[in-house]
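Here's what Swiss-Prot has on this protein:
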type    : residues : note
MOD_RES : Ser64    : phosphoserine
REPEAT  : 220-264  : repeat 'ARM 1'
MOD_RES : His263   : pros-methylhistidine
REPEAT  : 274-318  : repeat 'ARM 2'
REPEAT  : 319-369  : repeat 'ARM 3'
REPEAT  : 370-412  : repeat 'ARM 4'
Amino acid sequence: MSERCRCKYSSGASIDYMPTSTQAKMVSKRIAQETFDAAVRENIEEFAMGPDEAVKEAVEQFESQGVDLSNIVKTAPKVSADGSQEPTHDILQTLSDLQESVASSRPQEVSAYLTRFCDQCKQDKACRFLAAQKGAYPIIFTAWKLATAGDQGLLLQSLNALSVLTDGQPDLLDTQGLQLLVATLTRNADEADLTCSGIRCVRHACLKHEQNRQDLVKAGVLPLLTGAITHHGHHADVVREACCALRVMTFDDDIRVPFGHAHNHAKMIVQENKGLKVLIEATKAFLDNPGILSELCGTLSRLAIRNEFCQEVVDLGGLSILVSLLADCNDHQMGDQSSVQELVKQVLSILRAIAGNDDVKDAIVRAGGTESIVAAMTQHLTSPQVCEQSCAALCFLALRKPDNSRIIVEGGGAVAALQAMKAHPQKAGVQKQACMLIRNLVAHSQAFSKPILDLGAEALIMQARSAHRDCEDVAKAALRDLGCHVELRELWTGQRGNLAP
């Protein structure tokens with residue numbers, strides 16, 4: 001790029017500074033879409049570049065200045081067919097056409113423009129961002145209200161457009177939209193496609209937005225979500241979306257609020273809406289679909305937050321289903337390798353969650369859970385996620401349970417854990433959970449120390465301790481309980497300040 005072009009960018013671009021979520025001291029530079037478009041237009045008009053070259057030069061120049069262009073539409077604005085309008089981006093032209101057709105109450109045109117709007121927004125998140133900046137939400141909301149008069153096809157397209165627009169932009173949903181969303185789901189509970197799209201809107205509106213979560217829960221969305229799983233129990237897309245939405249309701253991911261209602265929402269799903277029963281029953285319709293089973297198991301693990309909820313999973317027959325699923329995965333009876341590994345990880349996650357109840361620990365062992373967990377870790381040794389979850393589940397089963405520790409060791413659990421440590425030396429999660437498992441196995445059963453040490457445990461634990469800072473405490477605890485020499489340091493001695501006697 002010429003020196004002249006560089007000077008124009010550096011003098012003409014209005015750059016804002018926005019803090020990122022990950023680096024407190026670093027800042028991310030951002031520009032407006034108009035600034036980028038002006039730079040592209042200058043390249044075309046003053047330097048005789050073609051549209052593609054002009055965009056490429058603008059991108060390179062702004063990025064060289066550290067500008068974040070993730071929310072910028074990186075195409076040259078187009079001139080309208082008749083040349084009567086200023087050049088604009090496709091998404092803004094579609095938005096303008098949609099607004100005109102909505103204002104004129106022409107449903108067929110509205111439908112066509114909504115479809116085009118969805119297609120364009122799906123191609124690039126920058127299109128969604130630009131559309132939102134230019135007033136897309138009130139236009140879609142008006143189309144949505146127009147569709148509620150009874151046009152099911154237009155209603156579905158309106159919900160699809162809303163779900164695409166709110167993906168990553170949950171602040172767009174206002175009080176009116178929230179109320180209309182709940183009303184739409186209530187009135188169309190029998191329609192699978194409408195229910196699926198509406199629930200997707202709920203999920204997008206609630207992700208990283210605590211206020212929307214609380215407002216939707218108060219408006220009665222939880223029974224609509226569990227009811228959708230019950231009513232459309234054989235419709236995979238509805239079940240998947242409903243599970244995702246239920247999980248989002250239990251998240252505490254909004255950094256703008258000091259604390260959320262995740263725990264209360266999980267309790268409400270279980271106690272007021274029979275969430276555990278609904279999810280466990282739903283698994284029976286998808287025993288040959290590892291993708292949906294993963295969603296169901298992942299949601300169950302988010303709800304097993306209390307001692308009695310863990311026991312309820314067992315009482316409802318959930319434990320036998322989980323152990324059977326794990327055995328089927330180990331026997332290669334379902335799906336491709338990646339989907340099977342994801343299902344195994346989710347089954348292990350829920351087993352780990354419900355093993356927080358001491359009575360459930362024993363029930364899992366009696367049901368053959370330890371053998372299935374060890375087999376899963378051995379079968380999927382190349383997956384660090386499966387190894388980590390396997391060690392974590394066995395760790396919970398061994399906690400305060402010497403008899404369970406014996407069964408785990410005799411079943412090859414210690415061997416499998418050490419193999420996992422060898423296979424994934426750089427994975428802190430695997431190393432940490434394996435150290436915790438070994439510690440729990442020998443904490444109340446010193447007889448297992450020598451056999452485990454003979455397998456090379458000390459060297460592996462020392463390696464984990466030196467490689468991963470997070471493993472320091474658990475590694476020392478494991479070495480101590482194995483009978484190895486560990487140098488313990490006093491972090492606070494009370495020798496200085498007011499703590500001294």
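Heads up, the Cβ atoms here are built off N, Cα and C, so glycines get one too.
The model shown is predicted, which means the values in this text are computed figures rather than measured ones.
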Nearest-integer angstrom distance between the alpha carbons (Cα) of the residue listed as 'pros-methylhistidine' and the residue listed as 'phosphoserine': 45
PLDDT averaged over every residue in the repeat 'ARM 3' (319-369): 92
Folded-back contacts onto the repeat 'ARM 4' (370-412), same chain, C-beta under 8 angstroms, at least six residues removed: 323, 326-327, 329-330, 341, 344-345, 348-349, 351-352, 355-356, 358, 361-362, 364, 419-420, 423-424, 427, 429-430, 433-434, 436-437, 440-442, 444-445, 448, 451-452
Composition by DSSP (helix, strand, coil) of residues within the repeat 'ARM 4' (370-412): 34 helix, 0 strand, 9 coil
Close approaches to the repeat 'ARM 2' (274-318) from elsewhere in its chain (Cβ under 8 angstroms; 6 or more beyond its ends): 226, 229-230, 233-234, 236, 239-240, 243-244, 246-247, 250, 263, 266-267, 325, 329, 334-335, 339-340, 342-343, 345-347, 349-350, 352-357, 359-360, 363
In the chain carrying Ser64 (phosphoserine), residues 6 or more apart in sequence that have Cβ under 8 angstroms from it: none
